[in-house]
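First up is the structure itself, then whatever we jot down about it.
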Amino acid sequence: MDILTLLQPDDWHAHLRDGDSLKRTVPDLAKQFHRAICMPNLVPPVKTVEEAVAYRERIMQHVPEGIDFDPRMVLYFTDHTPSDEIKKIKDSSVVNAIKLYPAGATTNSDNGVSDIRKVYHVIEQLEEHQVPLLLHGEVTHSHVDIFDREKRFLDEVLTPLLRQFPQLKLVLEHITTADAAHFVLEQGRQVAATITPQHLLFNRNDMLVGGIKPHFYCLPILKRQSHQTTLLEVATSGNPKFFLGTDSAPHAQSKKENACGCAGCYSAPYAIELYAQAFDQMGKLDKLEGFASHFGADFYGLERNSKTITLVRKEQTIAERLTYFPNDDIIPLFAGQTINWSLQ
Ligand SMILES: [Zn+2]
């Protein structure tokens, strides 16, 4: 298979940031995807439907002429989110979900939920209105090893949560372990997961062997190869519980190549080609369209896209760097490396 035409994909997990960042991030994402879930971890976070609508307007100002991009918005769950905000999400035409970050789990998550049991009264509303809860699934206790944080979250937070709210619609974002993949497989249809390109293509050796490579550092952190293998298997299995979410997250080069470097990989400009590379390695290119273009829309109850894109088996070299701020570039995921697929 050398030419692959798919319905235009959507990205169900992306970080666009705000202000000047949007000049880079919005065109990069809009060039590939029709819709994107725009994560709300700004400073300050996007906490209400009204703030989400205003953020969407700022994003729309940077969509290049002639491109049809439809940002889907998400609220940031805090300890103080009022229960009646959930009905407002349900009634909104642009907000689709709410994102829960355990406090301190990742970039700009200080305002996250300190203990999920404190917000069960709001989660009750999510279940009732069938509004998806998007989860960063890691515990944050300092005594828990960074490589075990996702597994501990499944056992200590998610299992009791789903026992309490069996009909809750939920996306476990950017899963990184075989444990999470199996957990999702064991649940009903209302529980799904997104998978990033970096967790399909790389493992912790790529980040740590032969010198530390900060541009592979993201959260949840890359795990061992056996987990990567399971993620590849479930992503390419055709099971609609697993769909595309890049978690593309821009950080300037100086913030990544730093004694205390930021977490996040910037994959937006090459995302669909990177996924094609992973599916091709598994001999499962025929399963890419479901993962990239069908299952996420179906889960969110949105129409599938109608336009198509075409990928061709033609080598391309990922840029060494991209302009970000006047004096600070951004280094994309897999910079300077050659991949086998190009977007026509
Ligand atoms: Zn994210």
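In case you wondered, yes, glycine gets a Cβ from its N, Cα and C as well.
According to TrEMBL, the active site annotation covers ASP247. As annotated by TrEMBL, Zn(2+) 1 binding site applies to HIS13, HIS15, LYS99, ASP247. According to TrEMBL, the substrate binding site annotation covers HIS15, LEU16, ARG17, ASN41, HIS136, LEU219, HIS251, ALA263. Annotated Zn(2+) 2 binding site per TrEMBL: LYS99, HIS136, HIS174, in sequence order. What TrEMBL lists as domain 'Amidohydrolase-related' is 11-305. Positions annotated as N6-carboxylysine by TrEMBL: LYS99.
The recorded positions shown are LYS99, HIS174, ASP247; of these, the one with its CA atom nearest the CA of LEU16 (substrate binding site) is ASP247. Using a 10 Å Cα-Cα cut-off from HIS13 (Zn(2+) 1 binding site), none of the binding-site residues among HIS136, LEU219, ALA263 qualify.
HIS174 (Zn(2+) 2 binding site) and HIS251 (substrate binding site) are 18 Å apart (CA-CA, integer value). For ligand 1, the recorded positions lying close by, meaning a CB under 6 A from one of its atoms, are ASP247; the full candidate list was ARG17, LYS99, HIS136, LEU219, ASP247, ALA263. The CA atom of HIS136 (substrate binding site) is located 8 Å away from the CA atom of HIS174 (Zn(2+) 2 binding site). Comment: substrate site residues HIS15, LEU16, ARG17, ASN41, HIS136, LEU219, HIS251, ALA263; largest CA to CA distance 19 Å, whole number. With respect to Cβ neighbours within 10 Å, the recorded positions LEU16, HIS136, ASP247, ALA263 differ, and ALA263 shows the lowest count.
Checking Cα-Cα distances from HIS174 (Zn(2+) 2 binding site) against the recorded positions (ASN41, LYS99, LEU219, ASP247) with a 10 Å cut-off leaves LEU219, ASP247, in sequence order. The CA atom of LEU219 (substrate binding site) is located 10 Å away from the CA atom of ASP247 (active site). ASP247 (active site) sits 7 Å from HIS15 (Zn(2+) 1 binding site), taking the C-alpha atoms as the reference points. Compute the center of the Cβ atoms of HIS13, HIS15, LYS99, ASP247, which mark the site for Zn(2+) 1; besides them, the chain residues with Cβ within 8 Å of that center are ALA14, ILE37, MET39, ASN41, LEU134, GLU173, HIS174, GLY245, ALA249. What surrounds the Zn(2+) 2 site, by Cβ distance within 8 Å of the Cβ centroid and not counting LYS99, HIS136, HIS174, is the set HIS13, MET39, LEU100, TYR101, ALA105, THR106, LEU134, LEU135, GLY137, GLU173, ASP247 from the same chain. Distance between Cα atoms for ASN41 (substrate binding site) and LYS99 (Zn(2+) 1 binding site): 9 Å, as a whole number.
The Cβ of HIS174 (Zn(2+) 2 binding site) has 25 neighbouring Cβ atoms from other residues within 10 Å, across all protein chains displayed. Minimal Cβ crowding within 10 Å, among the binding-site residues HIS13, ARG17, LYS99, HIS251, is found at ARG17.
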